[in-house]
Structures are given as structure tokens and as C-alpha cells.
Amino acid sequence: MTREMARLLISPTNAWPRLRQDYDHHPFAFLVPLLLLPLLPAACLFIGTTQVGWSLPGNDSVQHLSSGSALLLATMCYLGFVAGVVIMGFFVRWVLFRTPSRPSVPGSLTFTTAIAVPLMLAGIVALVPWRVLLLLAAAAACAYSVRLLFTGLPLFMRMQERQTLFYAFCILGVGFLTLLTTAFIFIEFWGQSLAGSGEYLR
């Protein structure tokens, strides 16, 4: 299944039916990419914030995080990706509850894991945590994830294409809210845990 998810980046139209076939034979194979791929942005974030650093607007000095702070941030990043994919999986199943193609929980989680692959891979830019680079990578990854959503819904869920537009927009709206909410919650947890602890190296 990991191989088919990688093919989504090259030819999503051909990869989605193969991914569905893999799911039909191995419904829990999504657990491998779901649990391993978020390690990439988490590890890159740890390295970028401790070794490369970043500068704030109006301040030319480069700042770094201590290893403890960066590890906590990387952990929050990992948990945020996993939690976001799982939450979206249940929302996808809920959105499609009145359709004949309503997926099982493993099916919806396979679908949302595949859609999140570009976002997880884009996390490699956290090695160099520059604001402009991060924003560009996030925008490109979100755009490709939207493409995967619209191409994958009829192919993976085996729905008629004319029926999928409404459901795709519903999932897109819920996905945007989920992304913002999970990001805010985990960053808030990280910030609260560091409050008053002076975790910047310099």
C-alpha cells in the first residue's frame, strides 16, 4: 500500500484504483504509512529548530530551540498529523453516511492517509524553517491534497463522478477546519508547556 500511496504523487488517476485493490485485500495496511510518514516532518522540525534556526520579523538574530523544547514540538507535530488523519477519517465516513459507498473505518482512514501524504512529505522543508519556504511548501502540499481528494473520491469510494462534487466540497470544508483546530490545539499545548521556562538557546 505504501508503494501505491507514493504513486499518487505521480499518477493519481492510476494509483487510486490500485490503492483500493490493496485495501480490499489488506484493510489495515494503512497503519504503516499513517504511523511512519509523520515521523518525517517531526524529525525535520527537530533538526531545523535546533541546528538551523530562524529569525523573527524585525530581528536579524538567529534563534534556536533547546533539544528538550524541540523534541516536545516534534512530538506535537507527529501527534497532530496522526490525530488529524484519524479525525478526518471519521468525518469522511460521516459525510458519506447516506451513500451506498459509505466506507468502513479502515477504508476512510486509508483514504485520508493517502490524501495527507503530500502534507507529510512537505514537512521536509522544516529542515530549513524559513517562513516563506514553509508557506510555499504548505500551499503546494494543500493544493495537491485537494487534487487527490477530488480525483480519489470517485475512484477509491467507487462512486459516480457526478455525485462526488458535493461530498468532496463537504470533506474539504471539514478538512480545513480540522487542520486549523488540530494545529492550534497542539501548538497551544506546546506553548503552555514552555511558558516561562526560557527554552530558547539564544
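Quick reminder: no glycine exception, Cβ is built from N, Cα and C everywhere.
TrEMBL does not curate its annotations; it predicts them automatically.
Annotation source TrEMBL lists domain 'Yip1' at 7-180.
The transmembrane segment annotation in TrEMBL covers 28-50 (among others).
Same-chain residues lying 6+ beyond the ends of the transmembrane segment (70-96) with a Cβ under 8 Å from its Cβ atoms: 34-35, 37-39, 41-43, 45-46, 49-50, 102-105, 107-109, 111-113, 115-116, 119-120, 123, 157, 167, 170-171, 174-175, 178-179, 182-183, 185-187, 189-190, 193-194. Per TrEMBL, the feature transmembrane segment maps to 70-96 (among others).
Sequence annotations record features per position, and here TrEMBL assigns transmembrane segment to 108-128 (among others).
Sequence annotations record features per position, and here TrEMBL assigns transmembrane segment to 134-153 (among others).
Counting residues 6+ beyond its ends, the transmembrane segment (165-187) has Cβ neighbours under 8 Å at 76-77, 79-80, 83-84, 87-88, 91-92, 95-96, 99, 115, 146, 149-150, 153, 159 in the same chain. The transmembrane segment annotation in TrEMBL covers 165-187 (among others).
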